[in-house]
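According to TrEMBL, the Mg(2+) binding site annotation covers Ser64, Asp276, Asp278, Asp280. If you look up TrEMBL, you'll see 178-283, 297-435 marked as domain 'Phosphoacetylglucosamine mutase AMG1'. Marked as substrate binding site by TrEMBL: Glu370, Ala371, Asn372, Arg497, Pro498, Ser499, Gly500, Thr501, Arg506. Annotated coiled coil per TrEMBL: 381-412, in sequence order. The annotation domain 'Alpha-D-phosphohexomutase C-terminal' is assigned in TrEMBL to 454-525.
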Amino acid sequence: MDFEAVAKYSALHLKPAGLSLQYGTAGFRTKAGHLDHIMYRMGLLAVLRSRQTKSTIGVMVTASHNPEEDNGVKLVDPLGEMLTSAWEEYATRLANAEEQEIQSILTEICQKEAVKLHQYASVFIGRDTRPSSEKLSQSVIDGVSALGGQYHDYGLVTTPQLHYMVCCQNTQEHYGKATVEGYYQKLSKAFGELTKQTSSSGDDQMCLKIDCANGIGALKLKEMERYLPKKLLIHLYNDGTKEKLNHLCGADFVKVHQKPPLGLEIKPNERCCSFDGDADRIVYYYNDTAGHFHLVDGDKIATLISTFIKELLIKIGQTLKMAVVQTAYANGSSTRYLEETMKVPVHCTKTGVKHLHHKAQEFDIGVYFEANGHGTVLFSKAAEEKIRHMAKEEKENQKREAAKMLENTIDLINQTVGDAISDMLVIEAILALKGLTVQQWDAIYTDLPNRQLKVKVADRRVIDTTDAERRAVTPPGLQEKIDELVKKYRVSRAFVRPSGTEDVVRVYSEADTQENADSLAHEVSLAVYHLAGGIGEPPQPVC
């Protein structure tokens, strides 16, 4: 290992004194000005991971739905999945090391992971549209170069596009071409094939207003438009030409505030959706004729997609094992509808996409979405081969056509990670094929009123949870208090969990009315404040 080069470059990317960050579900995220040394070191780590796996590794410079002044970085593993947890720990250690410790940590990783130092290393780099992203991606390049790795800088891409291209590269392009153009071509072709069977009356339904959060999604959709069939009319808003990234817009804003983004006028019953800043989340919404706002979130997306796939599986006569994976934040009505009406098994995991992704891999077909709109569908290799074989060889017309629809659905879905563009095309295709309006989709089941709050605490680690974060183990007495409060309200539930990124405890409640959900959330927040070391003013009732 050329430690001289590592030290020389390292001197150009010094760590600020006293800064400590942890690699979480979303990688590293903080103010952009604090990230230069981390980007450099993640370039170093990506080279080691590439040598260890003998594969191309991705490095994405983004802070997703965070404010424009923040930035972040995440590494992408060989099949486009998130970085494995053992290497998350290496990332944290390397990021927080003092200059003189870098050499020994790199050496230790190489020894523990049997990294061959002369192995060829390849790293794909992408970035979002933040003003800080170009300079920070250059710091990643310095890290890759210091250890003699090769890199391909894709420049401005969505996070899911980088995941997709890493997977393409490492499957010898079996998954698709490792170019942005290859991504557009694969998805557009699958969308065109899938929507061939829509009736002409379906054409006017494929009209969609998209809030692009003033982020990368707008640039990429503009590039992709010429590949898409004319029957899909998309109108882009918050396209980054005027306002700041994620400011009063984007999927996270719409989900949290339960209202439309700034800069998008909605006529009654118009179908609209919002991406987040790096285009890996999507939520739908509309205003009814009375002007009331309706959010159609990740739970309803999972329900629509899994229902569509189940109907096709019945048509082809296949008993492939399908399940929906949710987190504790999934609305109780969605879980009941899937299990009781659709007879689709539902599994709950800890919050965080990597937990859902791993659980979804256990099934022939695993559909996972967080309520925030981040999700996708995974098809096992065996299920995919079976479906493709039937699409080609099945003698019975109806079965073969259904298998072809499933095959096109597989090609339209980005299986590496949640992808707002891919998910949007899947949803639009299903709505057109089923002749559903956004209101009819929303009416499949009615969400239970819910509320999310957060409580500032001195140390979020005092909260420990079990049962996929639905029950608190510590501090003593907290879960008993929550159970007592929940009993006061009808069809209610509540849970608390520590934030993954800040010293707050997140509180979630559901009940039969919004007033009761708000009241329950407030009472649980007070219990957290008193039993888990709340700081500042006690939580106030929800207005």
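Heads up, the Cβ atoms here are built off N, Cα and C, so glycines get one too.
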How does the model score the domain 'Alpha-D-phosphohexomutase C-terminal' (454-525) in terms of mean pLDDT? 94
For Pro498 (substrate binding site), the spatially nearest of the binding-site residues Ser64, Asp276, Asp278, using Cα atoms, is Ser64
Do you know the DSSP helix, strand and coil residue counts for the domain 'Alpha-D-phosphohexomutase C-terminal' (454-525)? 24 helix, 24 strand, 24 coil
Most Cβ neighbours inside 10 Å, all chains, among the binding-site residues Pro498, Gly500: Pro498
For the binding-site residues listed here (Ser64, Asn372), tell me which residue's CB has the most neighbouring CB atoms inside 10 Å. Ser64
Using C-alpha positions only, work out which of the binding-site residues Ser64, Asp276, Asp278, Asp280 is nearest to Gly500 (substrate binding site). Ser64
Tell me which of the binding-site residues Asp276, Asp280, Glu370, Arg506 sits in the most Cβ-dense spot, judged by other Cβ atoms within 10 Å. Asp276
What number of additional C-beta atoms lies within 10 angstroms of the C-beta atom of Asp278 (Mg(2+) binding site)? 34
Nearest of the binding-site residues (Glu370, Asn372, Arg506) to Ser64 (Mg(2+) binding site), judged by Cα-Cα distance: Asn372
In the same chain, outside Ser64, Asp276, Asp278, Asp280, whose C-beta lies within 8 angstroms of the Cβ mean position for the Mg(2+) site? Thr62, His65, Asp128, Thr158, Thr159, Gly215, Ala251, Phe275, Gly277, Ala279, Arg281, His374, Ala420
To the nearest whole angstrom, what is the C-alpha distance linking Arg506 (substrate binding site) and Asp278 (Mg(2+) binding site)? 24
Where DSSP helix means H, G or I and strand means E or B, what are the helix, strand and coil counts for the domain 'Phosphoacetylglucosamine mutase AMG1' (178-283)? 43 helix, 16 strand, 47 coil
Measuring Cα to Cα, how many angstrom lie between Asn372 (substrate binding site) and Asp280 (Mg(2+) binding site)? 10
DSSP residue counts for the domain 'Phosphoacetylglucosamine mutase AMG1' (297-435), split into helix, strand and coil: 81 helix, 20 strand, 38 coil
